[in-house]
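Pulled from TrEMBL:
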DOMAIN    7-429  domain 'Enolpyruvate transferase'
BINDING   LYS23, ASN24  phosphoenolpyruvate binding site
BINDING   ARG97, ASP312, VAL334  UDP-N-acetyl-alpha-D-glucosamine binding site
MOD_RES   CYS121  2-(S-cysteinyl)pyruvic acid O-phosphothioketal
ACT_SITE  CYS121  active site, proton donor
Amino acid sequence: MKSVLRVTGGRPLVGEITVRGAKNFVSKAMVASLLGTSTSVLRNVPQINDVEIVSGLLSLHGVSVESDPVAGTLTMDPSNVDLARLADIDAHAGSSRIPILLCGPLLHRLGEAFIPDLGGCRIGDRPINYHLDILREFGAHVEKHSETGIHITAPNGLEGTKYELRYPSVGATEQLLLTAVRAEGKTELRNAAIEPEIMDLIAVLQKMGALISVDTDRVIRIEGVSELSGFNHTALSDRIESASWGAAALATGGEVTVKGATQPEMMTFLNIFRKVGGDFEISDDGIRFMHPGGKLNSIVLETDVHPGFMTDWQQPLVVALTQAYGLSIVHETVYENRFGFTDALRKMGAHIQVYRECLGGTPCRFGQRNFNHSAVISGPTPLKAADITVPDLRGGFSHLIAALAAEGTSNVSGIKLINRGYEDFLGKLAALGADVEMV
Ligand SMILES: CC(=O)N[C@H]1[C@@H](OP(=O)(O)OP(=O)(O)OC[C@H]2O[C@@H](n3ccc(=O)[nH]c3=O)[C@H](O)[C@@H]2O)O[C@H](CO)[C@@H](O)[C@@H]1O
Ligand SMILES: C=C(OP(=O)(O)O)C(=O)O
């Protein structure tokens, strides 16, 4: 049965909430624990579904995971990886994108790995060609079977390599890091992704004993070592969740203090937030996001890899842009299909048109192809309540923001999807004075 949230909108979100560790880092640090010979401890871990999914994956691979959800601590002991039930990984098919990142650590420890069908948000085709190329470059054999999926082996071990990414993919950069740290010899990655979550993963690997340097111009160099220990680390804050609450404050005309939000990773978002007409105050504890009253401004925006404007910030911000004066243009350059969520916004009264062309900026990989990857938002438009269904994680949060900003009562279906990346969002909504009820 679908989970439905009844949202009565039209009142500003006001109050204070806390954001903990980043979904897109915590899951990768958990995978890194497989590389260690001793126990790892990760702190500031949020209670979200993706953490549960990766805990299940680790257990399947012989890592015992102890969780203190209130303290936000995970203790991971990899001493029984030899007992991994590799072929059972299919039970995790479709759950998240993390299983593919287990390949390097498993090849080092057991000499083989399986890749099931991956999950994650359906915001584009999301191929895994870079991942498989990288594994082959290290000397792994990749076999695709129609029944058992992808089977990877490394009968002769893994050797360092030189690789240049065609596009600075986050997952492929992580794949390379998690494989190179224990490969024989040196590895060089060109055109690497340098997202803050990747830098924190590098910090974890360095704590474990890895030798990694991040050089200028997106070049990462790794010298393989024969053994890594466990780590003790506090996860960086979730900049996507923080920005989502900021966008919610703006769209509802409210004021939300996000304890735990950190400025350095959010500078690009904060610049855009200010240009749109939002206001913020930064303290040692977090960031207070405000709608200062008056008109919001339209903007031209392009999503990009770090340090550009994150694609995962795009969907929540678009809801706030429906309340800005004039024409905003948003060019999505990271995923080819991330505007499906605007269908529901149109149903609620927003004026949004999507285009195949690269609008408002430089041409991207998706230009001249049949992908609606640019949006023109014309505002302000009052939003009215509607019955809508959550399409994906960030699109779902955007629907929630739209329902909170709209006059009347909306029914938002499939709301549980949001648990994948937003800790206790119902509790947080209640703390911010939202009128919501599960039905
Ligand atoms: C769990 C996690 O951390 N998810 C994040 C991660 O996803 P993820 O790591 O999957 O995203 P990538 O950076 O790899 O994808 C970026 C682009 O590269 C393409 N690509 C990627 C790999 C490949 O083998 N071939 C290929 O063509 C993708 O289709 C996409 O168009 O980074 C994205 C970009 O910041 C974020 O939106 C996601 O929230
Ligand atoms: C796209 C996202 O995540 P995933 O890669 O897990 O689907 C996201 O967090 O917005």
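Keep in mind that glycine also has a Cβ here, set from the backbone N, Cα and C atoms.
Structure with TrEMBL features highlighted.
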residue : record                                         : Cβ neighbours (10 Å)
LYS23   : phosphoenolpyruvate binding site               : 25
ASN24   : phosphoenolpyruvate binding site               : 25
ARG97   : UDP-N-acetyl-alpha-D-glucosamine binding site  : 18
CYS121  : 2-(S-cysteinyl)pyruvic acid O-phosphothioketal : 22
ASP312  : UDP-N-acetyl-alpha-D-glucosamine binding site  : 24
VAL334  : UDP-N-acetyl-alpha-D-glucosamine binding site  : 25
VAL334 (UDP-N-acetyl-alpha-D-glucosamine binding site) and ASN24 (phosphoenolpyruvate binding site), distance between Cα atoms, whole Å: 16
Cα-to-Cα gap, VAL334 (UDP-N-acetyl-alpha-D-glucosamine binding site) vs LYS23 (phosphoenolpyruvate binding site), nearest whole Å: 19
ASP312 (UDP-N-acetyl-alpha-D-glucosamine binding site) and CYS121 (2-(S-cysteinyl)pyruvic acid O-phosphothioketal), Cα-Cα, nearest whole angstrom: 11
Alpha-carbon distance [ASP312 (UDP-N-acetyl-alpha-D-glucosamine binding site); LYS23 (phosphoenolpyruvate binding site)] in Å: 12
Remaining residues near the recorded UDP-N-acetyl-alpha-D-glucosamine site, that is with C-beta within 8 Å of the centroid of the site residues ARG97, ASP312, VAL334: ASN24, GLY120, CYS121, ILE123, VAL170, THR311, TYR335
Contacting recorded positions, sequence order - LYS23, ASN24, CYS121 vs ligand 1, Cβ under 6 Å: ASN24
